[in-house]
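The block underneath contains the structure these notes are about, expressed in structure tokens.
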Ligand code: SF4
């Protein structure tokens, strides 16, 4: 990564000193100096894949992985590795969630119709 402090740039405001919540103060990437979490401009694909795998290895031992991942999914964060997932992987998770929610709504609607016909 171009800026060795760039990993800090993905730390959202609520992980700042004003709100030192446990999930951000315990983030394993806070001490990362390698800039693994965001792509430098014009990064070749092979380099990106290798960097993302390294970032994911940091995430895998991070005590706040689930909190970080949920934050990135809810925002949603469009760039970088968060909670062990790349941006593309988060898009897949979000699409699956939307599909699942749609299925549940449809099941509830059908259930209501069956109950009303009762
Ligand atoms: S899960 Fe990964 S991106 Fe999130 S705080 Fe931990 S090390 Fe950083």
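Using N, Cα and C of the backbone, Cβ positions are placed for all residues, glycine too.
TrEMBL labels come from automatic prediction, so no person has curated them.
The [4Fe-4S] cluster binding site feature in TrEMBL is assigned to 29, 59, 62, 68. Of all the Cβ atoms in the protein chains shown, 23 others lie within 10 Å of the Cβ of residue 29 ([4Fe-4S] cluster binding site).
Residues or ranges marked as domain '4Fe-4S Wbl-type' by TrEMBL: 28-92.
The feature region 'Disordered' is assigned by TrEMBL to 1-25.
Other than the site residues 29, 59, 62, 68, same-chain residues with C-beta atoms no more than 8 angstroms from the centre of those residues' C-beta atoms, the [4Fe-4S] cluster site, are 27, 28, 58, 64, 65, 81, 82, 83, 84. In the predicted model, the domain '4Fe-4S Wbl-type' (28-92) shows an average pLDDT of 94. In the domain '4Fe-4S Wbl-type' (28-92), the DSSP tally of helix, strand and coil residues is 36 helix, 2 strand, 27 coil. Highest local Cβ density among the binding-site residues 59, 62, 68 belongs to 68, counted as other Cβ atoms within 10 Å over all protein chains shown.
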